[in-house]
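Feature list (source: TrEMBL):
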BINDING   His17, His19, His205, Asp297  Zn(2+) binding site
BINDING   His19, Asp21, Gly178  substrate binding site
DOMAIN    12-351  domain 'Adenosine deaminase'
SITE      His229  site 'Important for catalytic activity'
Amino acid sequence: MSVGLEALQAAPKVSLHDHLDGGLRPETIIELAAEVGHELPATDARELRRWFVESASSGSLVRYLETFKHTLAVMQTQVHLHRVAREFVEDLAADGVVYAEARWAPEQHLLSGLTPRQAVEAVRDGLEAGAQACRDRGRTIIVRQLLTGMRHASASREIAELAVDYRHDGVAGFDIAGAEAGHPPTRHLDAFDYLKRNNAYFTVHAGEAFGLPSIWEALQLCGANRLGHGVRIIDDITVPDYGPPRLGDLAAYVRNMRIPLELCPSSNVQTGAASSIAEHPIGLLTDLRFRVTVNCDNQLMSDTTLSREFAKVCEAFDYDLEDVRWFTINAAKSAFHSFDLRLALIEEVIKPGFARLGA
Ligand SMILES: O=c1[nH]cnc2c1ncn2[C@H]1C[C@H](O)[C@@H](CO)O1
Ligand SMILES: [Zn+2]
């Protein structure tokens, strides 16, 4: 029996891997594009929504990433960044998310003359305005930023410095994203070294479009605290016809050290990292009790929400609310926030919230 969407929406959820520039409302894109004179592939909201999903579903991460040119084009001013951030929070809260880390790359938002600091502060204020609007309606949500450095570019050290500067002002940590093949994370050692020296937290997109070497570099050479996707860790697990699965040394390390996997099922199917939701490695990784979390990656490109991602995996793997609670506690434990807050989130929000739903 799969879990209904309504129960999933009512459940308190934690979102760790969600791109701000991949989560705009189509209506907002259309309105802002008209303001800045950016030409879109469609000007009807439903058509534009369909265009994003179809264009992002080619089986190639590089083609998937090309769709972001239309969201980045309308996120170049303080007013627009503020609005997109505010709506992002309101949409998460409407879906029952209680804690989220919103990632985006400040270096991609400077085309109209913003400084990186102005951009970070506009997003900070927009996130806070969204949280306040939710509080006014009786919903509590915390959303903090993850500042992303683009792996093909050379701004990562500067972005890492920004993440440290704003660590007590709404920034939870740092991330590296963009096309994976040909752009190893070790190109950004300077940034990672700076973060580590400053006791800051970071995740790295790894093991999505490229396999084990990328995961190994992210963990053992860069020192990532979490893996963005990390789904290809499956390549280091052998499932024999008889007997238990066998883990290679890297998979064993990931499991033993409780490295959080920010899995994004729909996105993985669209980029070809998994052939279908039913065949997604989340099934085996969950059976083996890896630190699995479920995420959206990009709500717009996948036409999804966190509740819908859960609905898909519940249906494919026959998970129930107890399983969703387990994924959610995994995510809360893995958040880049203080131990005290994570504990409070688990004990005072997540467990009672699921208990009310009978889990
Ligand atoms: O799944 C992804 N893999 C690698 N890069 C990604 C993914 N989703 C979004 N991005 C890129 C495109 C965005 O412009 C950037 C910052 O959010 O991160
Ligand atoms: Zn991502």
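Cβ coordinates come from backbone N, Cα and C, glycine included.
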Winner by Cβ contact number (other Cβ atoms within 10 Å) across the binding-site residues Asp21, Asp297: Asp297
Listed binding-site residues His19, Asp21, Gly178, filtered to Cα within 10 Å of His229 (site 'Important for catalytic activity'): none
Where the C-beta lies under 6 angstroms from ligand 2, the matching recorded positions among Asp21, Gly178, His229, Asp297: Asp297
Cβ-based neighbourhood (8 Å from the centroid) of the substrate site, residues His19, Asp21, Gly178 excluded: Leu20, Gly22, Leu65, Phe68, Arg103, Trp104, Ala105, Gln108, Thr148, Ala177, Asn298
CB within-chain contacts under 8 A for His17 (Zn(2+) binding site), separation at least 6: Glu101, Arg103, Thr203, Gly228, His229, Glu262, Cys264, Thr293, Asn295, Cys296, Asp297
Reduced DSSP assignment, His229 (site 'Important for catalytic activity'): strand
Same-chain residues at least 6 apart in sequence whose Cβ lies under 8 Å from His19 (Zn(2+) binding site): Ala102, Arg103, Trp104, Thr148, Ala177, Asp297, Asn298
Extent of the substrate binding site in Å [max Cα distance among His19, Asp21, Gly178]: 13
Gly178 (substrate binding site) versus His205 (Zn(2+) binding site) - Cα distance in angstrom: 8
Zn(2+) site shell beyond His17, His19, His205, Asp297, criterion: Cβ within 8 Å of Cβ centroid: Asp18, Gly22, Arg103, Asp175, Ala177, Gly228, His229, Glu262, Cys264, Ser267, Asn295, Cys296, Asn298
